[in-house]
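S.K.: Can you keep this structure in mind? I'll have questions shortly.
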Amino acid sequence: SPSASCCSSVFTAAAGFTSDPVTFSVTRFLAGLGIGGVMPNVVAQMTEYSPRKIRGTMVTLMFSGYSVGGMLAALLGKGMIESYGWQSVFLAASLPALLIPVILKSLPESMPFLIKSGQIDALKHIASRLEPGYQPQPGDQFALPAGDKAGDAPIGKLFQDGRGFSTVMFWVAFFMCLFMVYALSSWLAKMMAGAGYSLGSALTFVLVLNFGAMLGAIGGGWLADRFNIKHVLVGMYALAAVSITLLGYPMPTALLFVLVGLAGASTIGTQIVTYAYAGQFYPMAVRATGIGWASGIGRSGAILAPIVIGALVAMSLPLQQNFVAIAIPAVIAMMAVLLIDHRRSASAQHAEDEMKHMAPTALVAGSGTTA
C-alpha cells in the first residue's frame, strides 16, 4: 500500500509539469495504477484487523476519507486554479506522499504474510495490541484457518467453493456502481448548470454529493454491522435508483440539495459499503485478490460513464432522461447483489463454524441438569 500510494502521489505531481496531452495522459494513467493498487489492499487489511462486530463500520469509516478528499477538492480546487493555475491542484494532490514514513512505521503487515514468513515476534506484538489480556509465551504458534490458506492460484480460488457466480455478481455490482459514481462526479455540475442553476450552485451540488457520500458510507457501515450487509446494500441501491431519477424533475432548491445528498450517500457511499461486503465475502488468503478484481472490473464502468453520459448530454435530451440513464445501473447492481449467495461468504462460514463449536459445549453444560 505505501508503494502504491507513493506511485500515485509522484505521478499526480508529475502531471502538473506536463505540457502536452499525451504526457499528461500517461502520468494520469500511472497515478491511477497507484490508486487502484491502494484500495483493495487497505480494505483487505482493515477487514483483517477489525473486530467482527464492527468490521463494516471500521472499513467504511476508513474509506470515507475518499469522500472527505472529494469535498476538499471541490472547496479548494476552484480557488487554487484561479490564483495559482491548474498545475497547483496536481502539486497539492501529491502531498499525501509526506505521510508515507508515518504509514510505514505505524501500519502493521498483513497477518497471512507474517504467518507465511514465520515472523512470530511480529505476530505476538500485534496480538498483544489487539488483545491486551494476551501474554506472549515462547512456544506460541500462529496459523490460518484451513479456509484461509492460499493455494497456488489465488485468482482461481475466487471461483472455488461455490463462489464463482457470486464473484461475477460482485463484478457486475462494482461496474454499475462505479458507472453511477463517475457519471455523477463528471456531469452533475454540467447538467445542473444546463438546467438553469448558477455555476456556484452547480459546484455546491458536487460538495453536497460528497458530503452525502461520507454520511452514507459511515451510516451504511453501521447498518451493515447490525443487519445483514447484503440486505443493507440492496436497500441502498434502491435508494440510489429513486433519488437519482428524481433529480431530473423540477423542485425547490432545498429539496434538490437533499436529493443530491441522498444520491451521494447511495452511490459513492454504497460503493464503499460494497467494498466492505467484498472484504467480508472472500477468505483472508484471497481477500485482496477478490477486491482487486472486482475493483478493476468496476473501473471499466468508471471509464465508460463520462463518455456515455457525455454523449447523452450532447444529444440535448430532456434532463429526466439523462438522470434515468444514470439510475438504471442502480437497479442492475441491486439485482446483482440480490443474487450473491451470502451463505458462501467467509463471514457466514466463520459464523457457522462458531455455532458448530458452541453446540457441543451447550450439550455438555446441559447434560448435568436433567431432572
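Backbone N, Cα and C atoms are what each Cβ position is placed from, and that goes for glycine too.
A TrEMBL annotation is a machine prediction, not a hand-curated record.
Small disclaimer: the values here were computed from a predicted structure and weren't measured.
Feature list, courtesy of TrEMBL:
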- 1-345: domain 'Major facilitator superfamily (MFS) profile' (DOMAIN)
- 26-44: transmembrane segment (TRANSMEM)
- 56-77: transmembrane segment (TRANSMEM)
- 83-104: transmembrane segment (TRANSMEM)
- 168-189: transmembrane segment (TRANSMEM)
- 201-224: transmembrane segment (TRANSMEM)
- 231-249: transmembrane segment (TRANSMEM)
- 255-278: transmembrane segment (TRANSMEM)
- 290-317: transmembrane segment (TRANSMEM)
- 323-340: transmembrane segment (TRANSMEM)
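Could you place these features in context, so I can see how deep they sit and what lies close by?
M.R.: Below 8 angstroms of C-beta separation, residues 1, 3-9, 11-12, 14-15, 18, 59, 62-63, 110, 275-276, 278-279, 287-289, 291-292, 295-296, 299 of the same chain, each at least six residues beyond the ends of the transmembrane segment (26-44), sit close to that stretch.
Outside the transmembrane segment (168-189), and at least 6 residues removed from its termini, the chain residues within Cβ reach (under 8 Å) are 70, 199, 202-203, 205-206, 209, 233, 237, 240, 244, 260, 263-264, 267-268, 270-271, 274, 278, 281, 290, 293-295, 297-306, 308-310, 313, 322, 326-327, 329-330, 332-333, 336-337, 339-340.
Packing against the transmembrane segment (231-249) from elsewhere in the chain are residues 173, 177, 180, 184, 216, 220, 223-224, 256, 259-260, 262-263, 265-267, 269-270, 273-274, 277, 318-324, 326-328, 330-331, 333-334, 337-338: each is 6 or more residues past its ends and has a CB under 8 Å from a CB in it.
Tertiary proximity for the transmembrane segment (255-278) is limited to same-chain residues at least six positions away from its ends with a CB under 8 Å from its CB atoms, namely 39, 43, 47, 55-56, 59-60, 63-64, 66-67, 70, 170, 173-174, 177-178, 180-181, 184, 188, 204-205, 208-217, 219-221, 224, 229-230, 232-233, 236-237, 239-240, 243-244, 246-247, 290-291, 294-295, 330, 337.
Through the fold, the transmembrane segment (323-340) approaches residues 165-166, 169-170, 172-173, 175-177, 179-180, 183-184, 191, 230, 233-234, 237-238, 240-242, 244-248, 266-267, 274, 277, 281, 301, 308-309, 312 of its own chain, all at least 6 residues removed from its boundaries and within a Cβ separation under 8 Å.
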S.K.: How about the transmembrane segment (56-77) and the transmembrane segment (290-317): at least 3 CB pairs under 8 Å, pairs 6 or more apart in sequence, or not?
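M.R.: No, the stretches stay apart by this measure.
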